[in-house]
């Protein structure tokens, strides 16, 4: 996904949208998606591991945003018309100025800044809800191909 216009630092860019499902259903779907080699699951474990967003069938452009070890977007939990801490909305904000035409990316293995921990506490295993019982995560590490100068070489 590339932006058509310049984006200012700290600007809201998009929301990660999808079907809200239980973590049990996400585990089941995750195993199916693992076999297919793609997944759009995003855990919402701000307080407890109860819900997951699945953008595989219902979503927006956000589920096409790629990973980077040097991303230009950061994920934050936001609460709009809802105070249930188990159901934050997933908002992506620019971490720096982004040029028109630049690819939008976020770190699938997010590391939370301790200062912002309360507002950014998200699952550090984006897309790997089914990380047990034979999934790719359980079998071995997933190689990163982001190409960033500071690439960690593995997603998870």
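Cβ atoms are placed via backbone N, Cα and C, with glycine included.
According to TrEMBL, the protein carries these features:
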type    : residues          : note
DOMAIN  : 1-109             : domain 'SET'
BINDING : 69, 144, 146, 151 : Zn(2+) binding site
DOMAIN  : 140-156           : domain 'Post-SET'
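Spatially close to residue 151 (Zn(2+) binding site) yet at least six residues away along the chain are 69, 70, 144, judged by Cβ distances under 8 angstroms. With a cut-off of 8 Å between Cβ atoms, the residues of this chain six or more beyond the domain 'Post-SET' (140-156) that come close are 66-70, 105, 108-109, 125, 128. The Cβ of residue 146 (Zn(2+) binding site) lies under 8 Å from the Cβ of 66, 67, 68, 69, 70, 105, each of these being in the same chain and 6 or more residues away along the sequence. Report note: the Zn(2+) site is defined by 69, 144, 146, 151, and the residues of the same chain whose CB lies within 8 Å of the CB centroid of those residues, excluding them, are 67, 68, 70, 145, 147, 148, 150, 152, 153, 155. Summarising the environment of residue 144 (Zn(2+) binding site), the number of other Cβ atoms within 10 Å of its Cβ, over all protein chains shown, is 18. DSSP states for the domain 'SET' (1-109), grouped as helix (H, G, I), strand (E, B) and coil, give 18 helix, 43 strand, 48 coil. The Cβ of residue 69 (Zn(2+) binding site) has 19 other Cβ atoms within 10 Å, all protein chains considered.
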